[in-house]
């Protein structure tokens with residue numbers, strides 16, 4: 001039978017700290033402490049609404065039954081009743097003598113006759129109550145570790161659920177963008193719209209299936225963990241003999257149990273969207289853009305035809321005028337747009353960093369400033385050779401399947417949108433700024449980036465466009 005000391009400790013765990021009796025209909029509050037239903041209800045009625053143990057606030061409507069504590073109370077009552085009915089303890093099945101010793105080497109409970117046998121006589125022995133207390137403590141340590149691992153597993157389960165929800169939200173947002181893009185391209189592209197939606201939905205099914213499989217594997221691990229925890233709890237509630245039966249094997253299993261690493265899918269969407277014929281449609285809005293030397297940073301060199309820009313090795317001798325950028329290697333297009341639809345393309349071959357887009361005509365030119373839609377810049381950029389971002393606030397990471405050698409920029413002033421296309425990848429849509437607060441004329445924006453020891457010396461080149469169908 002379990003010794004008196006561990007039983008006393010277990011009774012203390014299920015004692016209500018309000019009435020100081022074993023809990024009746026145990027209820028848990030938000031902080032995790034449990035009390036008799038009647039006791040904690042009285043505390044709430046008196047207007048205290050704070051935990052008697054930790055003084056944290058709680059709400060009566062959030063009380064929840066603690067079945068684990070209720071079961072423990074019932075089991076302890078049964079153990080106590082069994083102890084009263086069997087005062088002489090367990091008897092050895094071989095010698096019919098009282099079992100009161102524990103062989104530490106063999107891990108077996110013995111009577112005094114067994115302890116004197118040739119098999120056990122030279123082994124270290126301790127009283128069974130002492131052994132039970134020792135292994136009770138070891139089981140408690142093992143149980144605490146497993147419960148911690150269970151918490152980690154449950155947190156991972158919650159993370160997977162959140163990723164699934166995130167996937168669904170992103171897919172719905174992407175569907176809307178696809179739909180809007182096809183509407184702009186008129187009804188003759190309706191069939192292509194459906195094809196692209198089917199691709200996206202297939203990606204959704206695949207990713208959710210992957211997350212579902214991961215969730216199922218996690219559920220299996222959680223079930224195995226719960227079964228192991230239940231076995232440890234059952235042993236702790238049983239007699240000393242039941243507790244010690246194969247106890248070393250159980251402890252080894254609990255110590256070796258670890259949550260297996262799971263492959264949780266990324267929530268990043270793959271870029272699957274492009275419209276056949278989009279390049280021809282965009283180029284019907286093509287315009288001839290040239291660079292404005294009056295706005296060029298002194299470290300920039302413009303080509304004679306003002307269609308290329310690169311970073312110089314030395315500062316250029318240029319007038320100090322108000323229009324010129326003085327801190328960053330930037331330059332604006334000479335053209336201004338305050339209505340209509342316009343489109344141009346820029347060659348970025350060999351570049352490891354660049355910024356492209358449009359900005360208000362009156363943006364700040366001097367000193368340091370942020371490049372985002374709040375400050376009048378609607379741009380995307382590449383930095384560190386592979387990091388694409390949109391200049392939102394905060395920045396939006398962009399995931400391109402094919403690195404672009406040519407970027408298309410489409411401005412629809414009346415629709416308040418600026419769209420960017422990867423011409424290298426079937427003119428697939430990279431990003432669209434919507435509901436832009438233009439508030440005045442806009443100008444094309446260019447930044448070839450810093451040279452970075454010669455690795456980013458290639459120029460930005462405005463591409464000639466063949467307009468029409």
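Keep in mind that glycine also has a Cβ here, set from the backbone N, Cα and C atoms.
The Zn(2+) binding site feature in Swiss-Prot is assigned to 92, 95, 114, 120; the stated evidence is sequence analysis.
The coiled coil annotation in Swiss-Prot covers 128-245.
Among the features that Swiss-Prot reports, domain 'B30.2/SPRY' is placed at 268-467, with the record citing sequence analysis.
Per Swiss-Prot, phosphoserine is recorded for 266, and the stated evidence type is similarity to another entry.
In this view, the densest Cβ surroundings among the binding-site residues 92, 114 belong to 114, judged by other Cβ atoms lying within 10 Å. Regional average pLDDT for the coiled coil (128-245) in the model is 84. When secondary structure is read from DSSP and collapsed to three states, residue 114 (Zn(2+) binding site) falls in the helix class.
Counting every protein chain shown, the Cβ of residue 120 (Zn(2+) binding site) has 17 other Cβ atoms within 10 Å.
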